[in-house]
Amino acid sequence: MAKTTESKLVPADIEASEMPDSMTKKGGFITLFFIAGTLSGVMLSGFGWLANLIVYLVQEFNVESINASQIANVVHGCINLLPILGAIIADSFLGSFQGMILLILTAKLSSLKPPPCEIGSSFCRAPSKLQYVILYLSITTASAGLGGSRYTLATLGANQLDKPKDKETFFNWFFFTVNVSSIISSTAIVYVEDSISWALGYTICFAANFIALAVFLAGQRFYRCDKPQGSQFTGLLRVVVAAVRKRKVALSSRSEDYYHEHCETSKVMPVTANRWFRFLNRAAMKTEGDIDSDGLIARPWKLCSLEQVENLRTVIRLVPIWSSGIFLITPVAIQSSIAVTQALSMDRHLGSNFKIPAASIIVVILVSSSFFVALFDRFVFPTWQKLTGRPLTLLQRIGIGHVIIVISMAISAMVESKRLKTIHDNKLEALPGAIVPMPVWWLFPQLVVIGIGDAFHFPGQTALYYHEFPASLRSIATAMVSLVVGIAFYVSTALVELIRKLTGWLPGNINSGRLDNLYWILVTAGALNFMYFLVCAKLYKCRNIEKEVDANSGFDI
């Protein structure tokens, strides 16, 4: 992965030399065992209840299937937005403990949920206000725990390694660990919840979270940790405020007229290094009263360093590419929740005695993604580089992910058309909860293709943001993926709700709806979004004047 030129990231040799002794003596591969163990426990606990949330709402709280999908999307959105809000790992575990205790109570105590609804009945008692309050409180606190730790662990893990190539590999295996843990929870724990007891399943989730905390604390003495420096977003906001306040100040071409974090000549950033958004340079121009007698900034909301200005400029350049990821993930968000409701209405028997839990259908995406992440990292990408003499760039990986996700939506539309035809042939449209005589295996192809797309774009996006962001902002970089996922889930919720209001395609009973039309809309929107990504990627390359290749990793942007 490329390091940026002098106007962006500090070179690796300078960056390493500036690290405190406490940082250079710690870290390394030994810490990854503790981080992987912590991540596994967190995902076992979190995905153990999250994967089966739609089924729990439908079967235990009599929520309509589409409404349950919407609630699940909102929960996913909250979970992925939390890292941006600065959640701390210790607080995350506390939230998980509280949430799991409440979920166990909702499953165990009949007074905390409505009476069960019989299949085919149109008159089901809705939960009371108190039951809703306790349910949503439990989901909220459990979500806070899962969301606050997942991507925080990604940043922590990458910070333990020094070589860019090692960090690239770490991100691939980070997502592999997430997927494998999610597979286990989506099969074993979900089976316990569906076939034995919801309360027992949630208790297992609680135990997994406790073990994760113990593993994390056991490795604490080995971790290389950055010193707390306050909110990085505050620093970016300061640049904007300072530039606006100095909007009438004439720009200078002399480096000494600007404030630099480093006074040494070898580390002073050239003022003319980047012409994009030059008006932001005003934030770093020194005026009377900006600097105190010690040479430090006296008014931080009126003067920033030129390095801080460049940090904001780097983030702005990445925003268009980042924004294209919103509608890349939106179709996947819709597909993940809708597939569970589809599975509930299909034949899920495996033999005469075993019935696949509906929520476990998402395991197909996780297995596919895990398999192809490992395949790409160990075989496909190295082979491609040997054959072509050049690595597959991060932008190319993300672009391939765009195309594959669009293909998966087209497959989804065709499979849903087949399901609706089967419903019509058997006259099941008017029977809520009726099982369609169509094997659930029909959903597998589209889910496998989604997994392949995820294996391309998720590690690609994470690595792109981590390496392109300035070193001082890398704590934010991995959370950028989490942020785009969170926004995508909210967009998916709004889009589904809009279609419900404008059309009759998504009724409470999906057997009488037209989900295939929804998928075709996603195909069209995904194709347009891919074109937007191509334009953004082209402009981003043009703005990087010099080709940036890291000699250690041989990895292009």
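Numbers here mean position along the shown chain, with the first residue as 1.
Positions of Cβ are set from backbone N, Cα and C atoms, glycine also.
Caution: TrEMBL annotation is automatic and unverified by curators.
The annotation transmembrane segment is assigned in TrEMBL to 29-58, 79-105, 130-149, 170-192, 198-219, 315-334, 354-376, 397-415, 435-456, 476-499, 519-540.
Non-local neighbours of the transmembrane segment (170-192) in the same chain are 32, 36, 39-48, 51-52, 150, 153-154, 157-158, 161, 200-201, 204-205, 208, 357, 359-360, 362-363, 366-367, 369-370, 373-374, 376-377, 455, 458-459, 462-463, 466; each lies 6+ residues outside the stretch with a CB under 8 Å from one of its CB atoms. Highlighted: of the candidate stretches 29-58, 130-149, 198-219, 476-499, 519-540, 476-499 has the greatest count of Cβ pairs under 8 Å to the transmembrane segment (315-334). Contact between the transmembrane segment (397-415) and the transmembrane segment (519-540) holds: at least three of their C-beta pairs are under 8 Å, each pair 6 or more apart in sequence. Remote same-chain partners of the transmembrane segment (476-499), defined as residues 6 or more beyond its termini with a Cβ less than 8 Å from a stretch Cβ, comprise 66, 69-70, 73-74, 76-84, 147, 150-152, 154-155, 158, 232-233, 318, 322-323, 325-334, 337, 458, 461-462, 465-466, 468-469, 505-506, 518, 521.
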